[in-house]
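As recorded in TrEMBL:
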- 189: active site (ACT_SITE)
- 146, 188, 192: Fe cation binding site (BINDING)
């Protein structure tokens with residue numbers, strides 16, 4: 001895959017967790033979720049080592065029942081946050097697995113401009129993304145945030161369309177084209193598996209506390225006014 005797209009952190013160290021350590025951590029997460037009335041686990045924040053490692057590929061380190069339990073607790077944690085995606089490194093587990101779901105914003109100006117249809121819950125295992133072959137590369141820029149960088153958002157240029165490959169939680173191969181906001185979510189979550197935070201790709205002059213974003217820029221579907229006022233380019 002193109003190094004400047006889904007592998008933007010060539011210096012990120014590769015996690016070296018053996019299968020037994022991965023399974024031990026998964027079982028610990030399952031126990032933590034079981035002990036919490038909400039069935040959730042803590043989301044780690046920027047500075048945690050797991051967020052800066054290249055995740056270990058999933059290769060059967062846990063059995064089907066354990067994988068199902070891991071996916072379920074990640075799904076509950078994502079919804080409780082609330083968020084539209086959660087990668088395993090965000091719960092301290094450098095494993096190449098992420099969950100995604102978005103209610104969308106169809107029927108609104110923001111939803112139309114951002115191409116944000118509802119995205120049903122899904123699991124990506126060992127995902128990769130790249131530009132769609134034989135298509136011009138098109139980037140779009142919007143504000144986004146992260147459950148592991150609480151309280152801030154920034155404008156990030158992302159591929160508008162991408163080719164997604166990998167597997168689902170059942171081992172079924174994926175090879176599909178994803179467009180619009182779902183493509184943004186795929187990129188954001190897959191980046192986590194490469195030790196990359198959205199801030200690594202963001203226009204840093206656009207960085208805004210969430211409250212200030214709401215006060216100044218959230219009403220606008222595109223960040224043109226923010227770009228002019230704060231002084232950053234748009235894709």
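Just so you know, glycine gets a Cβ as well, placed from its N, Cα and C.
TrEMBL entries are annotated by machine, without manual review.
Not measured: the values here are computed from a predicted model.
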Tell me which residues of the chain lie with their Cβ under 8 angstroms from that of residue 192 (Fe cation binding site), as long as they are six or more apart in sequence? 51, 55, 87, 89, 90, 98, 148
Give me the Cα-Cα distance between residue 146 (Fe cation binding site) and the residue listed as 'active site', rounded to a whole Å. 10
With a radius of 8 angstroms around the mean position of the C-beta atoms of 146, 188, 192, what other residues of the same chain does the Fe cation site pick up? 85, 87, 90, 147, 148, 189, 191, 197, 198
List of residues, in chain order, with Cβ under 8 A from that of residue 188 (Fe cation binding site) and at least 6 apart: 85, 144, 146, 156, 158, 198
